[in-house]
Amino acid sequence: MADSLKMGNLSLNESQHAPAAPPSNGRAAYIPPHLRQRTMGANVDGAAASPPGPAPGAGAWNGPRNAPRGGNWANANASDFSPRGPNVPNGNISWTPTETQRRPFNPHAYGHPGHGGSYGGSHGSAKGSGDGQWRDGKHIPGPANARLERELFGVPNDPTKQSTGINFANYDDIPVEASGHDVPEPVNAFTNPPLDDHLISNIKLARYQTPTPVQKYSIPIVMNGRDLMACAQTGSGKTGGFLFPILSQAFQTGPSPVPAQASGQFGYGRQRKAYPTSLILAPTRELVSQIFDEARKFAYRSWVRPCVVYGGADIGSQLRQIERGCDLLVATPGRLVDLIERGRISLVNIKYLVLDEADRMLDMGFEPQIRRIVEGEDMPNVNERQTLMFSATFPRDIQMLARDFLKDYVFLSVGRVGSTSENITQKVEYVEDHDKRSVLLDILHTHGTSGLTLIFVETKRMADALSDFLLNQRFPATAIHGDRTQRERERALEMFRSGRCPILVATAVAARGLDIPNVTHVINYDLPTDIDDYVHRIGRTGRAGNTGIATAFFNRSNRGVVRELIDLLKEAHQEVPSFLESIAREGSGYGGRGGRGGRGRGGNATRDMRRMGGNVGGGGPSFGGGYGAPSGSSYGGGAGGYGAPPAYGGGYGGGYGGGSYGNPSGPTGPSSWW
């Protein structure tokens, strides 16, 4: 019965995602020769079997390719529109026939991976990476692949690949504060030195012309061997800030030797245990997938092979991609602990440890897993590796924990971190709950179809209900939340990115870290109870110097964040509605929490605690309350430490469960908290 269900979900496009590495069920993936030729022709010659959707900014939701282009949403219910149904061809899959050819084992490159899809179980195949070699102490890049370059880097003016926006030049005016001794001077261009020539060529392919402020400082800091804690505005290039120097040094120094105790583990050109030299940890599967895509891009034609592992996807396919070679590993903490327990990953060779969205990982209860990975396994100690922490906010307690992970670090604060970008026009509307749908329709009709619209709600049920409502109103919408399967989430994101479905209703899963080009409007249908979450939600627009609009529906049920919301609006020079100020004056008892567990953003969320003379060793103030009554835990009492709460009670989409946050091997089983 299970086989028949799996067969029912197969499509021609899915079978193309891994031509070089057939899945475990060979019968399900078999394609007759005549269909292979037809499929290849559709991709090569452009005669796709099903019509693609319009690019972002197109005038309408289009039907068949030869249908007239309209200027409205009239075709939202066209026969090929199925944002929540199974097996929607995305029209963007490219298949390189030569990738299926068998290649001899290359001891310098660990073998050649199969072709992975955009996301999902075969996501980590890293096609194009690992094609280079390290021979006689030199990096020899692999051959160019025009088709793969188009897939990774797009073409000029490709709406799905965003580099810079109209306000990018204004980034030079953003203040930068670097603290620590002997801070290296910033760089103003992608040049050699300090960067490797091959990395610079890939940066040019991505059409990046000038480093962002965080990149100007992080590149020389990391290249000089220093640890780094970096705070920067969301959308300011943090991913490149750690990938560029890590990959550059990898290209210059080559791979690390496999430990002697690993001898005998090799067979047929593979090894059962991977020994990555770089580890990047991030809280969500979507974020690690995005970082992996960037790593593939900038490791193109190099000897470095990136891999990605996360919960919710088939662990068998992830194990197979690791066996083919893993030099740079992007992972969620839960799945990484699982693979370490299985004896499939060793951290003994780690040179670089990156904690991306570090505050969110600790906030969501990943601290025990992170401490086990960093301190309880075979990872080199803090003095034998470089550790980089990147996020948009670093509250005081997070900085106190950083003392255990970093040594003699440089603290980098770029701009008004923890606040919002002035590239975003913020609007706050007073809307009662029963009026939200009608106001939303008015906004969507007013702003038309240009760009992408991201709508945030608090619960999974609301996400589905609102997307169904918009579909009934002839607006092409889809939803993403934790109750949807991994493939459904991947398909929804792909359709949204490509503009085929330009409205996405999301829970907190997409609130932080995801870099989706051309999001021109973010709507907080349900305001979060935490002002930091609001900052990161609206940060999905106005990225890389582009402009965007953020609209928030506010009523008295949101008065807990009114004071911080007013402060944010003033900081970003936005209009403050009079009703916000009147509600804020109603009583001091409503003052916002300011942050999770009452910690507060305060005035020091972006300041280096080492310069403030504070006691960072315990004995600090109590961070009372914890994360909700059900857990029975609180932050620290008077000792200033984490209480490792086992549950988080209520919040995004029906509660945080047992603290597994996207970790199917955690206490919640196959479900994730969002």
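Using the three backbone atoms N, Cα and C, a Cβ is placed for every residue, glycine included.
Checking the ranges 188-216, 536-564, 623-651 against Swiss-Prot, the motif 'Q motif' annotation falls on 188-216. Of the candidate ranges 104-107, 332-335, 356-359, 604-607, Swiss-Prot annotates residues 356-359 with the feature motif 'DEAD box'. Under the three-state DSSP scheme, T239 (ATP binding site) falls in the helix class. Using DSSP to sort the residues of the motif 'DEAD box' (356-359) gives these counts of helix, strand and coil: 2 helix, 1 strand, 1 coil.
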